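Presented below is the structure to which this report refers.
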Amino acid sequence: MAEPNLTKPLSQKIGFIGGGNMAKAICEGLVSKGLIPYEQIHVSGPRLDNLTWWSQKGCKVFEHNGYLIETTDVIFICVKPHILQTAIDDINKTHKPDQFQSKLYISILAGVTLQQLASKLHPYNARIIRTMPNTPMTVGEGCTLYTPHSTATKTDIELLNRMLSSTGLCREIPEHLIDTAGALTGSGPAFVYMMLEALADGAVFMGLPRAWATEFAAQMALGAAKMARDSTKHTGQLKDEVCSPGGSTIRGVRALEEHNMRAAFMDAIEKAALRSAEIGKAGQ
Ligand SMILES: NC(=O)C1=CN([C@@H]2O[C@H](COP(=O)(O)OP(=O)(O)OC[C@H]3O[C@@H](n4cnc5c(N)ncnc54)[C@H](OP(=O)(O)O)[C@@H]3O)[C@@H](O)[C@H]2O)C=CC1
Ligand SMILES: O=C(O)[C@@H]1CCC=N1
């Protein structure tokens with residue numbers, strides 16, 4: 001696929017069904033890269049009071065999802081997986097499926113399969129792409145994995161790439177890997193924040209002021225992540241290069257091994273991936 005043009009503003013109106021944490025992250029990612037102004041973004045949710053963040057930014061807000069679909073070209077579905085049917089039922093309160101032309105629906109729902117999405121969105125003649133984004137796209141360092149449904153066109157996939165490559169990495173993967181990869185990239189930020197908090201706690205325990213501990217932990221992890229991403233060296237080698245023989249780091253490494261740090265992280269990914277698949281099965 002040709003490299004997406006990341007600077008050309010979008011002509012489409014973008015909609016979000018559900019205006020929670022992940023919808024805000026996508027919106028901020030797109031707006032901060034100059035791809036779209038807030039005024040071209042619409043959002044819907046059952047309680048207008050909960051959409052003030054959006055209206056204050058200049059986005060158009062709706063209490064019913066049908067109006068959102070009516071007024072937008074590309075619709076991100078951003079509700080919790082167990083709310084999907086309720087969100088669709090809400091469309092039918094105000095609109096009939098044949099009132100809508102075929103539109104592109106981008107699901108960000110963990111676990112919910114393309115087959116489930118296609119059967120639920122069938123009456124809307126929907127073109128569908130399943131994605132797993134993550135919140136760091138707010139700062140342009142996101143990671144979005146996606147699998148297109150057969151209803152999605154080449155133009156749809158190019159548009160998705162153009163939008164989400166502007167907020168970080170955007171990569172197509174086979175659907176059978178999306179629960180596992182999503183555990184790593186979608187849930188992973190929570191695990192990293194916990195790790196940063198714990199590292200900072202250790203430094204505070206040893207007497208460093210909290211604000212410094214938090215700032216230094218984040219900067220250290222940013223640098224280490226950049227090296228792991230951009231270097232051709234294995235992460236094990238990068239680790240070895242920090243550990244002086246008989247030095248301070250290897251003492252810390254031994255402490256982590258004694259506390260089963262590796263098994264804990266492996267377990268976290270396994271549990272999150274299994275839960276994602278379970279969410280999908282529950283919806284069948
Ligand atoms: N958070 C993350 O890091 C990631 C989340 N995801 C996926 O994103 C989805 C949303 O998660 P997240 O943003 O964290 O959740 P939030 O709870 O923050 O957002 C969900 C939003 O859906 C709204 N909502 C509830 N009912 C309806 C309805 N009937 N119609 C329209 N909107 C409705 C809620 O409004 P109200 O508050 O008024 O009820 C709320 O704003 C999930 O499916 C999750 O799997 C994927 C990747 C990462
Ligand atoms: O916790 C969840 O279910 C969602 C999916 C990935 C991140 N948050």
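Each residue, glycine too, has its Cβ placed from N, Cα and C.
Owing to the predicted nature of the structure, the values given are computational and were not obtained by experimental measurement.
Taken from TrEMBL, the feature domain 'Pyrroline-5-carboxylate reductase catalytic N-terminal' applies to 13-111.
In three-state terms derived from DSSP, G19 (NADP(+) binding site) belongs to neither a helical nor a strand segment and is classed as coil. Sequence-distant contacts of G19 (NADP(+) binding site), defined as residues of its own chain at least six apart whose C-beta falls under 8 angstroms from its C-beta, comprise V43, S44, G45, N50, L51, W53, W54, V61, C78. The NADP(+) binding site feature in TrEMBL is assigned to I17, G18, G19, G20, N21, M22.
Annotated NADPH binding site per TrEMBL: N65, in sequence order. Close to N65 (NADPH binding site) in the fold, though at least 6 residues off in sequence, lie I17, S44, A87, I88, D90, I91, each with a CB less than 8 Å from its CB.
Residue counts for the domain 'Pyrroline-5-carboxylate reductase dimerisation' (175-278) under DSSP, split into helix (H, G, I), strand (E, B) and coil, are 89 helix, 0 strand, 15 coil. What TrEMBL lists as domain 'Pyrroline-5-carboxylate reductase dimerisation' is 175-278.
According to its DSSP assignment, N65 (NADPH binding site) is helical. It is G18 that, of the binding-site residues G18, G20, has its Cβ surrounded by the most other Cβ atoms within 10 Å.
On the 0 to 100 pLDDT scale, the domain 'Pyrroline-5-carboxylate reductase dimerisation' (175-278) averages 98 in the predicted structure.
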